[in-house]
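Chemist: Pasting a structure below so you can have a look.
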Amino acid sequence: MEIRLNRVDYVQVGVTSQKTMRLLPALGKRATQKVAIADHDGILTCFGMKKGEAVPVFKTLPGQKITRMDLGGAVGTPQEKIFVCSGSQVRGFTKKGKQFLTFEANLTETINAMHVSGADLFVCASYIYNHYCDCKDQDYYLSGDKINDITCLTSEKLTRLVPILACQDRVLRVLQGSELAYDFEVPGPPSVLELVNNFCTGDEILYGTTDGKIGLVQIGEHSAATKWEIDNDKKKGGILCIDTYDIIGDGVNDILVGRDDGTVEVYGFDSNSEPTLRFEHVLTESVTSIQGGCVGKESYDEVLTATYTGWVTGLTTEPQMAEAGPGDEVRMSKETQSKVEALRAEMEQLQVKVMQGREQYQQISQSSTAVSVVPIFSVNDKFTLCQDDASYSLTLEVQTAIDNLLLQSDVPIDLLDVDKNSAVVSFSECDSEQPNGNFLLATYRCQANTTRLELKIRSIEGQYGTLQAYITPRLQPKTCQVRQYQIKPLSLHQRTHSIDQERPMNRLSLVGQFSFAEIHSWVVFCLPEVPEKTPAGEGITFYFHNTFLGTQLEATYCKGEGHFRSDNISTISILSDVLSKEATKKKINLNISYDINDDSVSHTLKMIHPKLEYQLLLARKVQLIDALKELQVHEGNADFLIPEYRKILDESANLLEEYKKQPAHLERLYGMITDLFIDKFKFKGQNVKTKVSSLLEILDNYDLNSLLDFFQ
Amino acid sequence: MLVPIFTLKLNHKINPRMVAIGKFDGVHPCLTAATQAGKVFIHNPHTRGQRPAAHRLSQSTQDSDISLLNINQAVTCLTAGMLGPNTTGDTLLVGSQTNLLAYDVHDNADIFYREVTDGANAIVLGKLGDIPTPLAIIGGNCALQGFDYEGNDHFWTVTGDNVRSLVLCDFTGDGKNELLVGSEDFDIRVFKEDELVSEMTENETVTSLCHMHDSRFGYALANGTVGVYDRTARYWRIKSKNHAMSIHAFDLNADGVVELITGWSNGKIDARSDRTGEVIFKDNLSSSVAGVVEGDYRLDGQKQLICTSVEGEVRGYLPASKDLKGNLMDSSAEQDLIRELSQRRQNLLLELRNYEENAKGVSEANSGMGVIPANTQLQTALSVRPATEAQKAHVELCISTPNETIIRAVLIFAEGIFEGESHVVHPSSQNLSGCVRVPIVPPKDIPVDLHIKAFVGGKTSTQFHVFEITRQLPRFSLYDITVDASAAPSTGCVTFSINDRPQRVVMWLNQNFLLPEGVDSPEVTFNPLRGGGLLSISMTSNGQITLRTDDIDLAGDLVQSLATFLGIEDLSAEADFPGYFEELRSTLTEVDEFHSVHQKLTAAMADHSNYIRNMLVQAEDARLMGDITTMKKRYRELYDLNRDLVNEYKIRSNNHNALLACLKSVNQAIQRAGRLRVGKPKNQVISACRDAIKSNNVTALFRIMRAGTASS
């Protein structure tokens, strides 16, 4: 069952945060709904559509940036009170725009997630969760990692409220009062939670992750269960917002999804209640909010979205008229015409004002005492490790079109080509030697109207430093903003919640006069996805796994002591180098001891073996494709070939695609095996750099046993 | 939305840029393309039936619509069209590195097969100037050659570098075709028969040219640029990160004006308006585009645009029907208009906000915002720096601020002088200052616009002001006027007379050289920093100018630049470059040697192939008679012989490459001798040189190069 949705743009407001647009409940059946949207200028706008034109209901005055919005109201009445949070303050407005609540949450940090349910208000700052009932403090919880979103089960069946936190360390934390009831692991860092509007059960929630996965979880009293999960095979963007609404019209609520690469998706359910993709549309910028409803025209359902730069766009079921009138010009509808005229008039006025502004700015530049300041423009950036290909993806989004981007790095990294990215890249020569120490200087000159850029970066473990991006938008007076991203020493590691204890492990132990906070800061420096805040308690254990090789790392530390266990000897070597360097910087004496398990090396090699063998085979097959094809053309058919070759020919398209997907995979594996070799003998006090060439020879004629022998 | 009217999947790869459509039987258009293994395939879906297989033509067993032509050499270019006066249909022309084949597909017979020593990189078929018969014009290593249907060459001339693209169009508007040549030295040259009438310099190898209408033509460069010229003026150009594989003119929106259709390396096809470059249609093939052609492939009287990919995918598009109103893309025009207007409004609002905030002053400014004094202005200076021990000779661009602000980074966008399109200087954070020195080494003598973007702010700023300045680098910038008096003057010189005042020459000097103080007499001596002897320019009172340099290229550049500046149309000159002439003399002897070696090797090869035939017969005889020992012996001998042949082949190909290099330098010498003159004398020199080479008269060749004429 296919659906066709047509895109209609309604209004544009300022830059918006995640989940800051909602539809107010409809007054009657089949009536259009009003839209409430809040932006970074602190303005809450509420508007409705009349004859294709946006008619404002109310608009508040500018103020501090609004980070979330929710709707609420007394239980049993329409949920039409609007709550917004900015800084540590929560404000409530009626649907007419009258402010009836100002509540200071007394948090030191800004609120970044909020949920309203009846008289209950739930707010979260980065690590802190607070529950208020009738503005009175009820519960409090300190989370182990950043809280991205919150929701709360409020079914009549349940005896109590069940708040659920989506935390950066890949878990959903289910609370009971001020205590953690249990936590539930999800396949990626969850970024958004949404209740399923399903009154019969009322204990199901949808989550979306920053790496683009969606799942449905049933929350029980003491445990939770995953009902289904949608993987992100096509490498689409991370999820920013989810809603449920029956847009297809089959009586079952569909799932509406908005992603940070601008993709809007509608998932319907087939007869087996499995979610299937029914509709997809790509907007050019992050979709920050999404909701199903009826806005543009009565009795036509639509999916309403808000984007990062503040566009409110509907994807409506209303068919668009092909207005082919007489004559050659495309005839515009009257509404559009008046809209265009109004816009043109407004622009003319603005032009005049801008000209005045420019003149004044020119005049100021004559004075010797005046200074020139340009306000900081908002940049929406994301720097994440992709699990599948062990590379980092950097996305940058700006309110206006980007003119150019300068990337600078003081560590060797590779920039990979991204298909979606249309900017013209140019690499500049750089002197990696001092004094400038640049390993990468690249400029991206963007095509007109590019507000979002996506880049892919491959790092090497053990090489660490900073990547800087200078973003210049097309906006007068021209300014550029620099953003910094840390490339950590163990950049390819990712947090997990358990490791395989059976593997042969090497151990690195540190003893010295350092505080818990100090060693935690060193771990933060070395490994990604560790919360910056020192964890509560005496000590802590974190688990990681290497996204490229699949090896693991366990870090246990407390005041004065630290233990790191890994089956990969290179990981231990990198850690020991970096940690001792960091300690020396702080003038702390460290007592470092190793416990090297010789079996671990052959274990790691055996782990690499299937990957390496597969890659070698793939490379060899790909090499043969062209020659085989030529033979096929020459002989007219491929029947005379041995079955193996015929198979290669049959699968050639797949093989090529696979080969293209993972460029330099083999080189990376070779590099890691070489590191392993050097590190193994480093711990024995031998320098084997001279033997590396013979190792590479063995790798070229790869055989597991000869490699294992060489390592002995 | 425009959709393809047919799609085909041919099971053959297609070599990029080697696709043509020919009506070989005079009626049915057939898609013809070069494929792997030195073959050409002809797709003829119109006459399905038995066709005889003989000579070169053999039926492909996979697909009965496809016939394969065996060329047995790597095909380098291909076209089809009417060549002879009495043929039934089109003639197929196939060029390789050494030969040109004209082939009648219908009669399955060679029309002619000519050896072309300069190779055939590009081919075009049509009428040129006043030559009565249509010519197949091929472009090779620095040479252009035109053959008629009998294989006689009616046209020959030389050009600056290897030819990569050719097109015939009426450039001057005189009703006769001129030949446009795009070559590897980044120039597009226009030949009116063998007279060079115009020259446009681009910044990369010109890979494709196509005629649009009247005097307008499209071009594509190796760096991803496509654009449109009207005569010598560029209308528009765009640059993409992908490469343009093929360009073609076709009226896709049926408005009576052709659009520029571009097929890109990522499989994208777009149609751009010839006036503005605006995209009016785009589509995607699954792999890189190989060629874009047009023809009436459905035999219904309408021309289709036919796009082919390297994997053998073919799509045909009909021009849009009237009711699409020129709107070929899937979006609604009015929505786009409103969106664009709103976007512009938003930009103006943001700019206005910038001015307002700026007027408010530093009230809420923090150090990150990059406050700078309003009267900050950047100073730039260009100067010539001779080589020192640490650095090569370069032009130094010094950018400085007048106050305590620092320059965080400098981006220079310029064409043709950096590896990419930009150069970045990013000092490390310890070395920040208000002055940045950028060494620039222009690889060629071309005038360049440097678009400088400097990020100016405070040491700890995260946002910087972007200063944008454009400076021009004069044509002859790497020439230092401060000359060491002891250096010996150059032996080479060129002398010519002009009817102009010395002041005008002084003006030319000041505009085209980077002189710190300027000069006031036309008697100057420079030290070329790229190496080579001194360059001295002198002028007598009767207007005779003598340029002394050992570099014949430089002398040519100077003559051309001066002539353009002074508006001289015809200029003859006397020249003597003893060093270069000596080199050329030895090259000419080498050519003779290579030729004789080539002949010897060919004879040896013929002998060997006879042996092979004999041995094979003997070996098979032995096998049939059951004499295994003899058979083995024969086959062993055969194997040895085969190895010898392979070795000989290697020698032959080395010899051939060396020969090609020599021929190229001979062609270049003629071109260089021509460049010392302007207008008619130039053409005379080129044709006289050519005659001298044809008659193998080396003394005459040098006399012409010196004196400019053959006589005396």
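Just so it is clear, glycine is given a Cβ too, placed from its N, Cα and C backbone atoms.
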Chemist: Quick one: sort out which of B:170-197, B:282-309, B:338-365 is the coiled coil according to TrEMBL.
Modeler: B:338-365
Chemist: Please count the residues of the domain 'BBS2 platform' (B:487-566) that DSSP assigns to helix (H, G, I), strand (E, B) and coil.
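Modeler: Helix/strand/coil tally for the domain 'BBS2 platform' (B:487-566): 26 helix, 21 strand, 33 coil.
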Chemist: Three or more CB pairs closer than 8 Å, sequence separation of 6 or more: does that hold for the domain 'BBS2 hairpin' (B:578-675) against the domain 'Ciliary BBSome complex subunit 2 N-terminal' (B:20-126)?
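Modeler: These two stretches do touch.
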Chemist: Name the range, of those listed as B:20-126, B:165-272, B:391-476, B:680-706, that has the largest tally of Cβ pairs under 8 Å with the domain 'BBS2 platform' (B:487-566).
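Modeler: Going through each listed stretch, the top one turns out to be B:391-476.
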Chemist: What parts of the chain pack near the domain 'BBS2 C-terminal helix bundle' (B:680-706), using Cβ distances under 8 Å and only residues at least 6 beyond its ends?
Modeler: 156-158, 194-196, 570-576, 581, 584-585, 588, 666, 669-671, 673-674
Chemist: Based on DSSP, tally up the residues of the domain 'Ciliary BBSome complex subunit 2 middle region' (B:165-272) by helix, strand and coil.
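Modeler: Helix/strand/coil tally for the domain 'Ciliary BBSome complex subunit 2 middle region' (B:165-272): 0 helix, 69 strand, 39 coil.
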Chemist: Under the DSSP assignment, what numbers of helix, strand and coil residues are found in the domain 'Ciliary BBSome complex subunit 2 N-terminal' (B:20-126)?
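Modeler: For the domain 'Ciliary BBSome complex subunit 2 N-terminal' (B:20-126), the helix, strand and coil counts are 0 helix, 56 strand, 51 coil.
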Chemist: Give me the DSSP three-state residue breakdown of the domain 'BBS2 hairpin' (B:578-675), ordered helix, strand, coil.
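Modeler: Split into helix, strand and coil, the domain 'BBS2 hairpin' (B:578-675) gives 95 helix, 0 strand, 3 coil.
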Chemist: Counting each residue once, how many in the domain 'BBS2 GAE' (B:391-476) are helix, strand and coil under DSSP?
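Modeler: Helix, strand, coil within the domain 'BBS2 GAE' (B:391-476): 3 helix, 47 strand, 36 coil.
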